[in-house]
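Scroll down for the structure; my scribbles are underneath it.
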Amino acid sequence: MAVLNLKRETVDIEETAKKDIKPYFASNVEAVDIDEDPDVSRYDPQTGVKRALKNRHISLLALGGVIGPGCLVGAGNALNKGGPLALLLGFSIIGIIAFSVMESIGEMITLYPSGGGFTTLARRFHSDALPAVCGYAYVVVFFAVLANEYNTLSSILQFWGPQVPLYGYILIFWFAFEIFQLVGVGLFGETEYWLAWLKIVGLVAYYIFSIVYISGDIRNRPAFGFHYWNSPGALSHGFKGIAIVFVFCSTFYSGTESVALAATESKNPGKAVPLAVRQTLWRILVVYIGIAVFYGATVPFDDPNLSASTKVLKSPIAIAISRAGWAGGAHLVNAFILITCISAINGSLYIGSRTLTHLAHEGLAPKILAWTDRRGVPIPAITVFNALGLISLMNVSVGAANAYSYIVNLSGVGVFIVWGVISYTHLRIRKAWVAQGRSIEELPYEALFYPWTPVLSLAANIFLALIQGWSYFVPFDAGNFVDAYILLPVGILLYIGICVFKSNHFRTVDLRSINLDEGRRKDMEADLSDQESSLASSETMKDYKSATFFRYLSNIFT
């Protein structure tokens, strides 16, 4: 029998035993102490978080986690501002960028699953300053999402129980989510798994309804197909509307990259991460493109309900059901949005708290945020990040509501910053890999279309970060202009500050001196026969990187 090491070589167990080295995976040999061996330890040795997420958790977290209130409610605002064509273009183009980013994540995180994801890798392969900019931009993105979802959740419950004030619902659920997150990552993964299935089923049900509705099979209504693309039209505000929709779409795609963070707490990142990455195109087509097509087909962009004050009523799903003649459908949609809100808050707390934990381990945040209890739960980081969500209470006051809306809208440019850093870091890792004489064949996962995917993503994210506030130029809107661009100068100042006061230089790391084996590990539950067969199967990277794009498409569903 043979066992697998990091270089995918085989060694004889008997020979290994003579050398007094414990094999990782062998059914007839005593198991290694999982707390002593860093490769298969139950806890990440660099951050202390527990490795409890299963393959199915990671897979459904990536697939169902992107179906949030933004897609169900916020996309209606995007439809109103841009029209169905703008929505389709926005989801398609941002989807191409998201696909490129996920290919980069697949290569980076499968190679280096330990230690904290892309912020840690940005420090190792660039400097101390880059992860600060990327990490805090990521915190801002999910802080904005968290505050918005607390407010959305409370608004939904007020739809049914208006006698309870908005702040009452916010405080009740603040404590509930705090307690839930402190239980542990295993419960988080299991809960998100089942919530993801509910969201997928709900979205597919809406697609089926849409097909029946536009085909004229509801209450003998005539078929109208894509009539709303002609009247009132495909675009509501021309190119300006398209520019606005791009910012919306970038926010809706945020969280796609969270697989990189979850890998640190995954039992088997070598299997889970590639599986999640291969599902990216599936997510883009079924979730985002599907939403763009069916929203544009069932709801005209000038429907007055898209600007309704009640979040439930301005959901395109609720509007379509109401237009079909089912007035009580708003309650069903309300329940569906409630499920997505619970999942979105849960996911935002997880992503934001782990990002703070990793920043603290890099010396870029207070050390207390790096502390985890004996169960691997980063209690201080969870509590601090959850406390940031209380800014949603500002929306209770009429005077503070405008300030609240500006804060929530910060998330758009933050996504472009994070994605740009991920793509740049991928280029640096590959450059270091080649500079030290490593073979591309050694990579456990090779990004499709490299180097075009990271280069395209980097260029596109820089471009979109610079033009995403274009709609506020004429007529000039000072408040929204500052809101659109404030993170860019703040990020530059943060970068300079870290270089001056922490690093004492502006140099980047020497790629030839980096330890390329640091941060690599084996899967905890890898089975020898599975590992050997996977190396010979069509899912391995030897076949994957030599396959055509159509071969790649066929592997997405396996």
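Glycine is treated like the rest: Cβ placed from N, Cα and C.
Mean pLDDT for the topological domain 'Cytoplasmic' (1-57) in the predicted structure: 50. For 1-57 (among others), the entry in Swiss-Prot reads topological domain 'Cytoplasmic'.
Away from its own ends, the topological domain 'Cytoplasmic' (103-126) comes close to residues 44-47, 134-135, 138, 257, 259-261, 263-264, 266, 269-270, 273-274, 277, 280, 354-355, 357-359, 361-362, 418, 421-426, 428-430, 432, 443-450, 453-454, 457, 508-509, 511, 514, 518-521 of its chain (Cβ-Cβ under 8 Å, at least six residues beyond either end). Taken from Swiss-Prot, the feature topological domain 'Cytoplasmic' applies to 103-126 (among others), supported by sequence analysis.
The topological domain 'Extracellular' annotation in Swiss-Prot covers 148-168 (among others), and the record cites sequence analysis as its basis.
Long-range contacts of the topological domain 'Cytoplasmic' (190-193) within its own chain (CB-CB distance under 8 A, at least 6 residues past either end) are made by residues 56-57, 60-61, 64-65, 180, 343, 346-347. Swiss-Prot lists 190-193 (among others) with the feature topological domain 'Cytoplasmic'.
Taken from Swiss-Prot, the feature topological domain 'Extracellular' covers 215-241 (among others). Long-range contacts of the topological domain 'Extracellular' (215-241) within the same chain: residues 80-86, 296-302, 324-325, 470-471, each at least 6 residues beyond the stretch ends and with a Cβ under 8 Å from a Cβ of the stretch.
The feature topological domain 'Cytoplasmic' is assigned by Swiss-Prot to 263-280 (among others), with sequence analysis given as support.
Per Swiss-Prot, topological domain 'Extracellular' is recorded for 302-324 (among others), and the stated evidence type is sequence analysis.
Counting only same-chain residues 6+ beyond the ends of the topological domain 'Cytoplasmic' (346-375), those with a CB under 8 A from a CB of the stretch are 46-50, 61, 65, 68, 115-117, 119-120, 123, 128, 131-132, 135-136, 138-139, 142-143, 145-146, 149, 177, 180-181, 184-185, 188, 191-192, 195, 255, 258, 261, 264-265, 381-382, 384-386, 388-389, 498, 502. Among the features that Swiss-Prot reports, topological domain 'Cytoplasmic' is placed at 346-375 (among others), with the record citing sequence analysis.
Per Swiss-Prot, topological domain 'Extracellular' is recorded for 397-402 (among others), and the stated evidence type is sequence analysis.
Residues or ranges marked as topological domain 'Cytoplasmic' in Swiss-Prot: 424-446 (among others). Across the topological domain 'Cytoplasmic' (424-446), the DSSP tally of helix, strand and coil residues reads 15 helix, 0 strand, 8 coil.
The topological domain 'Extracellular' feature in Swiss-Prot is assigned to 468-480 (among others); the stated evidence is sequence analysis.
The annotation topological domain 'Cytoplasmic' is assigned in Swiss-Prot to 502-558 (among others).
Annotation source Swiss-Prot lists transmembrane segment at 58-78 (among others). Long-range contacts of the transmembrane segment (58-78) within its own chain (CB-CB distance under 8 A, at least 6 residues past either end) are made by residues 86-87, 90, 145, 148-149, 152, 189, 192-193, 195-197, 199-200, 203, 244-245, 248-249, 251-253, 255-256, 258-259, 262-263, 266, 269, 272-273, 275-276, 279-280, 282-283, 287-288, 291-292, 295, 299, 306, 311-312, 314-317, 319, 333, 336-337, 340-341, 343-344, 347.
Summarising the annotation, Swiss-Prot assigns transmembrane segment to 82-102 (among others) and lists sequence analysis as the type of evidence.
Residues 68, 70, 118-120, 251, 254-255, 344-345, 348-349, 351-352, 355-356, 358-359, 362-364, 385-386, 388-389, 391-392, 404, 407-411, 414-415, 417-418, 421-422, 424-425, 487, 491, 494-496, 498-499, 502-503, 507-509 of the same chain lie 6 or more positions beyond the ends of the transmembrane segment (127-147) yet place their CB under 8 Å from a CB of it. Swiss-Prot lists 127-147 (among others) with the feature transmembrane segment.
According to Swiss-Prot, the feature transmembrane segment maps to 169-189 (among others), an assignment based on sequence analysis. Beyond the ends of the transmembrane segment (169-189), by six or more residues, the same chain brings 49-50, 52-54, 57-58, 61, 150-151, 153-154, 157-158, 265, 345-346, 349-350, 353, 375-377, 379, 382-383, 386, 389-390, 392-393 to within a C-beta distance below 8 angstroms of the stretch.
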Using DSSP, tally how many residues of the topological domain 'Cytoplasmic' (190-193) sit in helix, strand and coil.
4 helix, 0 strand, 0 coil
For the topological domain 'Cytoplasmic' (346-375), the DSSP residue counts stand at 20 helix, 0 strand, 10 coil
